[in-house]
C-alpha cells in the first residue's frame with residue numbers, strides 16, 4: 001500500500017480484513033517494523049477515536065508519533081499564483097514538503113466546508129498533501145471520505161457475520177446539526193466491495209453523490225428497507241443535492257429496538273442518544289458500536305503496516 | 001490497587017509511601033512493567049504539574065502515553081434517558097467504553113462547577129468513567145479530590161519529618177478567585193491517616209464538608225493554630241457551605257515568615273506570591289514546595305505501578 | 001554545551017556544523033544517549049517546524065519528549081515583589097523550578113510583544129527559565145533570537161557552498177504583518193562567524209540593533225546588494241528603531257527570479273508567496289528552503305547531543 005486516502009487504495013479487501021483480524025490477536029508482533037519511523041498526525045478538526053486509535057496502532061508497530069492540532073491557527077493557501085497578502089500565511093506546497101522532512105507517513109484530518117460542494121468534493125486538502133509531500137498520506141476523515149472507519153466497519157461485519165451472506169442496510173437518521181457525508185460515502189464504497197446484500201434507506205432529498213451510490217438500491221421506506229436486515233448501519237448526513245442542508249429532522253427516522261428487530265446495530269460514534277437511536281438499542285446486546293470503535297485500532301494498524309512494508 | 005480515584009484506594013498508606021521513596025531512588029527499575037501498556041490522559045481543564053509528572057511517571061514505567069486536551073470541544077452527556085438534541089454530542093457511556101478500547105489505564109482531570117454543590121460532590125465525571133470504562137481510572141484532580149497531590153504531600157512530610165510525631169496545620173489563605181476544595185479535602189483525608197498531630201485553621205464560614213473533616217480540630221484563630229507547627233500546608237478554597245463563594249479576602253490570613261516561625265511551608269502550586277504567602281517564605285529554606293512538586297512524579301509512579309501489577 | 005539560548009553557546013561553529021552533517025548521515029547512531037532523559041517543550045506561541053524538528057531530533061537521540069502548548073492559559077509573573085492579586089497566577093521562580101523536576105532539558109518558545117522594546121530585548125522569559133530552572137534551556141525562538149534556525153541555515157550554506165568563499169546577502173522583504181527581528185538577528189550573528197562575504201540590504205528605517213549588526217555592511221539599494229550573490233536569505237522584520245512598526249510594504253522589495261539571478265534562495269518559512277518572493281523562485285531549483293527545513297532536525301539534534309553529553 002502506497003497511501004490510504006480512500007478505500008480504493010486497498011488492492012484485496014478480504015485479505016486486508018483477514019490480516020487485521022490476525023493483527024488483533026497479536027498486536028505487538030510487528031513492533032520492530034516501525035522502529036525509527038515517524039507518523040505525523042495533523043488535525044484541522046477535533047478528534048477522539050481517530051486520534052487515539054491511530055496513535056495506538058502506530059505505537060503498536062513501534063513508530064514514533066507526533067500530533068499537531070492545527071485548527072484555526074494555521075491558514076494554508078491551496079490556490080496557485082495567489083498573492084498571499086491576506087489571511088493565508090503558508091502555501092500547501094511548502095507545508096506538505098516541510099512536514100515530509102520530519103515524517104515517514106503523514107495522516108491528515110480535514111472536514112468539509114459543507115458550503116462549497118465543488119471544493120469539498122475536489123478533496124483539495126488531502127489531495128494536495130499527497131501531491132506535494134511525496135510520502136504516504138493516511139486519511140483521518142477528509143471532506144468526503146472516512147476510509148479508516150469503513151475498514152473498521154468491514155472488519156466488524158466480518159467478525160459478526162454468520163455463515164450466510166448478510167443483509168446490510170445503511171439508514172439515515174435525524175440529527176440537529178448538518179453533518180458531512182464522509183462516513184456514509186466510505187461505508188457505501190466498502191459495502192459495494194464485500195460479499196453482502198447491501199441497500200440504503202433515507203428520506204427523499206438525501207441521495208448521496210451518484211458516483212458513490214452507483215447501482216446500490218435506495219429505498220425511501222425505512223420499515224421496508226430494514227426488514228430481515230442482519231446489520232443496520234445508522235448515520236446522519238446533510239443533503240448532497242441541496243448541499244450541506246438539513247432537509248428534515250423527522251424523528252420517525254430514529255432507530256428503535258422494534259425497527260431493528262434482531263439486527264446488529266452499527267454506528268461510527270459519537271452518537272446522540274434518543275435522537276439518532278433510542279437508549280434501548282445502544283444498551284442492548286445487538287449494539288456492536290464498541291466493537292467497531294475497538295477495530296479502529298486494527299484498521300489503522302493494518303494500513304500502517306502495509307505502508308511501512310512498502311517504504 | 002484497582003483504581004486511584006480517592007486516597008481510600010490505598011490499602012496501606014505507610015507502605016505505599018515507603019515504596020514511592022524506593023522508586024524515587026531507582027525510577028527506571030520497573031521500565032519493563034508498562035511495556036505495551038497505554039495510559040490515556042484526558043484533561044477537561046488545563047494542567048502543568050499533573051500532566052508532566054504523571055506522563056513522566058508512566059514513561060518511567062515504560063508505558064505509552066496519549067494525552068487529550070478536551071476542554072470545551074467535547075460536550076459529554078451524563079444523565080440517563082436524555083434526548084440529546086441540544087449541546088451534548090456524546091454520552092459518557094459510549095465515551096468511557098470507547099476510550100477503554102485504546103487504554104489500559106485512563107486518567108481524568110475534571111474540575112468542579114463551583115455552582116452546583118450536589119453535582120460536584122456526586123463526582124459524576126470521575127465516577128462515570130470508572131463505572132463505564134471498566135478499566136482502572138486515576139484521578140488527576142476531580143470536582144472534590146486531588147489524591148495524587150495528597151500522596152505527594154504525604155511522601156514529602158515523611159521525607160522531612162524528624163523523629164517525633166510532627167504537628168501539621170492546614171491553613172486557609174486569601175486568593176482573588178474562587179477555587180475548588182479538592183486539594184484541601186484530599187490533604188485532610190490523608191493527614192487523618194498518618195501518624196501526625198493535625199489541625200485546620202480558616203476564617204468562619206470556610207468549613208469543609210463534615211464528611212471530610214470528621215473529628216479533625218478546627219481553629220478560627222490562625223496565630224494560635226500555627227503555634228509550634230512543624231509543617232504548615234497553605235491553600236485557598238472557596239466556601240463549601242455558601243457553596244463556591246469568596247467570603248473574605250482578608251490579607252491578615254496571608255502566610256508570613258513571622259507566622260511560620262521554623263515550620264516547613266507547603267503548597268501544591270501554583271501559588272500567588274504576596275497574596276497567599278509572602279516572598280520571604282517562598283525564597284527561604286523552610287519552603288519545600290519544589291520537593292512536593294518533585295514528589296508528584298513518584299506519587300503517580302507508585303500508583304501506576306500498583307495498578308499495572310493488578311491488571 | 002550547557003545551554004543553547006543564543007548562538008554564542010556554540011564554542012566552535014565549524015566543528016558543530018560538521019558534527020550535524022555527520023548526524024544527518026546516521027541520525028539514530030546516538031539513540032542510547034537520551035535514554036531515560038526527558039525534553040520538556042513549552043510553547044507560548046504556535047509552532048510547526050520548530051516543534052516537529054526538535055521533537056524528532058530528541059527522539060532520534062532516544063529521549064522522551066513532553067510538549068505543552070501554554071498560550072494564554074498560563075499567565076506567568078516575571079517581576080520580583082509583585083502582589084499577585086491580578087492576572088498572573090504563577091511566578092516564573094516556581095514555574096521554572098517545578099518544570100526542572102520533570103525535565104533534563106527545557107525548550108521554550110516565546111515571541112516578543114513588539115510593543116515594549118526594552119522588555120523584549122531583555123529576553124525576560126528565556127533568561128528567567130535559564131536562571132531559575134538551573135537545567136539546560138534551548139531557545140525555540142525567543143523575543144530577539146532564533147538560534148536553532150540560524151544553525152540550520154549555516155549547515156545548509158555549508159552543504160551548498162562551492163569551493164570559494166560565498167557571498168551571502170540578507171534581504172528584507174515586504175509582509176502585511178509586523179514580524180519579530182529574531183530570525184534576522186540570529187542569522188546576522190551566525191554569518192559574522194562563518195567564512196562568508198556577508199552584507200545586509202533593507203529599506204531605510206529597518207536597521208537592526210547595532211549590537212547585532214556591528215560592522216556588517218548595510219546597503220539600502222537591493223539591486224546593488226544582490227549583485228553576484230551566491231546565497232540570498234530573505235526575511236521580513238518590523239522596524240527596530242520605530243519599534244515593531246511596519247514602515248513600508250513596498251513590493252519593489254519582493255524577491256524575483258530576475259533579482260536572484262543564479263543565487264540560492266533561502267527563507268526560514270512560512271513564506272507568503274508573491275508578497276515576499278514570487279512563485280517562480282520558490283518553484284525553481286535555486287530555492288533551498290526545504291533543505292533548510294530538513295536541517296532544522298540536525299541543528300536541534302547536534303545541540304541536544306552536545307547538551308546530553310554535558311549533563
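Positions of Cβ are set from backbone N, Cα and C atoms, glycine also.
Keep in mind that TrEMBL annotations are predicted by a computer and have not been checked by a curator.
Feature list (source: TrEMBL):
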{"type": "DOMAIN", "residues": "A:5-159", "note": "domain 'Aspartate/ornithine carbamoyltransferase carbamoyl-P binding'"}
{"type": "BINDING", "residues": "A:47, A:48, A:49, A:50, A:74, A:109, A:146, A:147, A:148, A:149, A:268, A:269, A:296", "note": "carbamoyl phosphate binding site"}
{"type": "BINDING", "residues": "A:141, A:175, A:235, A:272", "note": "N(2)-succinyl-L-ornithine binding site"}
{"type": "DOMAIN", "residues": "A:182-305", "note": "domain 'Aspartate/ornithine carbamoyltransferase Asp/Orn-binding'"}
Near residue A:296 (carbamoyl phosphate binding site), how many other Cβ atoms are within 10 Å of its Cβ? 28
Tell me, which binding-site residues from A:175, A:235, A:272 are within 10 Å of residue A:148 (carbamoyl phosphate binding site) if we use the C-alpha atoms? none
Cβ-Cβ neighbours of residue A:272 (N(2)-succinyl-L-ornithine binding site) (radius 10 Å): 24
So of all those binding-site residues, A:141, A:175, A:235, A:272, which one's Cα sits nearest to residue A:74 (carbamoyl phosphate binding site)? A:141
How big is the Cα-to-Cα gap, in Å, between residue A:235 (N(2)-succinyl-L-ornithine binding site) and residue A:296 (carbamoyl phosphate binding site)? 17
Here the binding-site residues are A:141, A:175, A:272, and the Cα closest to that of residue A:47 (carbamoyl phosphate binding site) is found at A:141
Name, in order along the sequence, the binding-site residues among A:74, A:141, A:146, A:148, A:268 with a Cβ closer than 8 Å to any chain B Cβ. none
Going by Cβ pairs closer than 8 Å, show me which of the binding-site residues A:47, A:74, A:141, A:146, A:268 neighbour chain C. A:74
Compare the Cα of residue A:272 (N(2)-succinyl-L-ornithine binding site) against each of the binding-site residues A:49, A:146, A:296 and report the nearest. A:49
Residue A:235 (N(2)-succinyl-L-ornithine binding site) falls, by DSSP collapsed to helix, strand or coil, into strand
Can you check which residues sit near residue A:268 (carbamoyl phosphate binding site), meaning Cβ under 8 Å from its Cβ, same chain, 6 or more apart in sequence, and list them in order? A:146, A:149, A:153, A:183, A:235, A:292
Would you list the DSSP helix, strand and coil counts for the residues of the domain 'Aspartate/ornithine carbamoyltransferase Asp/Orn-binding' (A:182-305)? 47 helix, 20 strand, 57 coil
Could you give the Cα-Cα distance between residue A:49 (carbamoyl phosphate binding site) and residue A:141 (N(2)-succinyl-L-ornithine binding site), in whole Å? 11
Tell me the Cβ contacts of residue A:175 (N(2)-succinyl-L-ornithine binding site) under 8 Å, same chain only and six or more apart in sequence, or just say none. A:236, A:246, A:249, A:272, A:275, A:276
Neighbour count, 10 Å Cβ-Cβ cut-off, for residue A:74 (carbamoyl phosphate binding site): what number do you get? 17
